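Q: In case it's useful when we look at the structure, here is the feature table from TrEMBL:
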{"type": "ACT_SITE", "residues": "Asp130", "note": "active site"}
{"type": "ACT_SITE", "residues": "Asp149", "note": "active site"}
{"type": "TRANSMEM", "residues": "20-38", "note": "transmembrane segment"}
{"type": "TRANSMEM", "residues": "75-96", "note": "transmembrane segment"}
{"type": "TRANSMEM", "residues": "103-120", "note": "transmembrane segment"}
{"type": "TRANSMEM", "residues": "140-161", "note": "transmembrane segment"}
Amino acid sequence: MATKNRFSSKSSSSASLVPWLGIAAIVILFDQITKITILKTFRYAQEMVITSYFNLVLAYNKGAAFSFLSDQGGWQRYFFTGIALAAAVYIIYLLKKHAGQRMFCWALALILGGALGNAIDRLVYGHVVDFLDFHWKSWGHFPAFNIADSAICIGAALFIIDELRRVNK
């Protein structure tokens with residue numbers, strides 16, 4: 001039995017790009033609303049304990065994941081924004097080409113929304129606004145993150161699951 005190859009088969013031209021862009025837009029909207037709310041409610045580094053393992057905290061990240069390159073001279077703002085915008089163009093191309101492949105497109109739409117949500121922060125504030133802070137006893141605090149980061153991670157997980165399912169068919 002032949003395996004389905006996503007990159008050699010054409011999707012139906014009638015498959016719509018709109019639902020996937022709608023999902024990305026919802027991610028961006030939810031991400032930006034939560035960040036604006038935190039920015040209006042908290043001072044920098046202010047924490048609010050929610051549970052024994054979760055806080056809200058206003059943190060800024062000038063770098064990438066886990067504050068990678070955050071201590072550089074400011075060029076990384078434009079570098080990471082450029083990467084996000086280039087990735088967005090490529091993701092939209094993939095969504096158009098494979099609009100009928102549901103899990104793959106869910107993954108791409110979540111990643112697109114997350115990437116653009118964080119790119120908006122970099123353009124508007126010069127850094128990404130993070131506020132979700134999980135911690136556990138002596139393990140310490142996981143780096144603060146936001147809704148956009150969560151969407152990117154969920155999208156990446158869906159992408160891996162989709163690929164494993166495709167390969168195992």
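The backbone N, Cα and C atoms fix where each Cβ goes, glycine too.
Keep in mind that TrEMBL annotations are predicted by a computer and have not been checked by a curator.
Neighbours and distances for these, please.
A: Listed in sequence order, the residues of the same chain lying 6 or more apart from Asp130 (active site) and placing their CB within less than 8 Å of its CB are Val57, Ala59, Tyr60, Asn61, Pro143, Ala144, Phe145, Asn146, Asp149.
For the recorded site, Asp149 (active site), the DSSP three-state label reads helix.
Only residues 6 or more beyond the boundaries of the transmembrane segment (20-38), in the same chain, are considered here, and those with a CB under 8 A from a CB of the stretch are 56, 58, 92, 95, 99, 105-106, 108-110, 112-114, 116-118, 120-121, 129, 131, 146-148, 151.
For the transmembrane segment (75-96), same-chain residues at least 6 beyond its ends with a Cβ under 8 Å from one of its own Cβ atoms are 17, 20-21, 62-64, 69, 104-105, 108-109, 111-112, 115-116, 118-119, 122-123, 126-127.
Long-range neighbours of the transmembrane segment (140-161) within the same chain, counting only residues 6 or more positions beyond its ends whose Cβ lies under 8 Å from a Cβ of the stretch, are 27-28, 30-31, 34-35, 57, 59, 61, 65-67, 103-104, 106-118, 121, 128-134.
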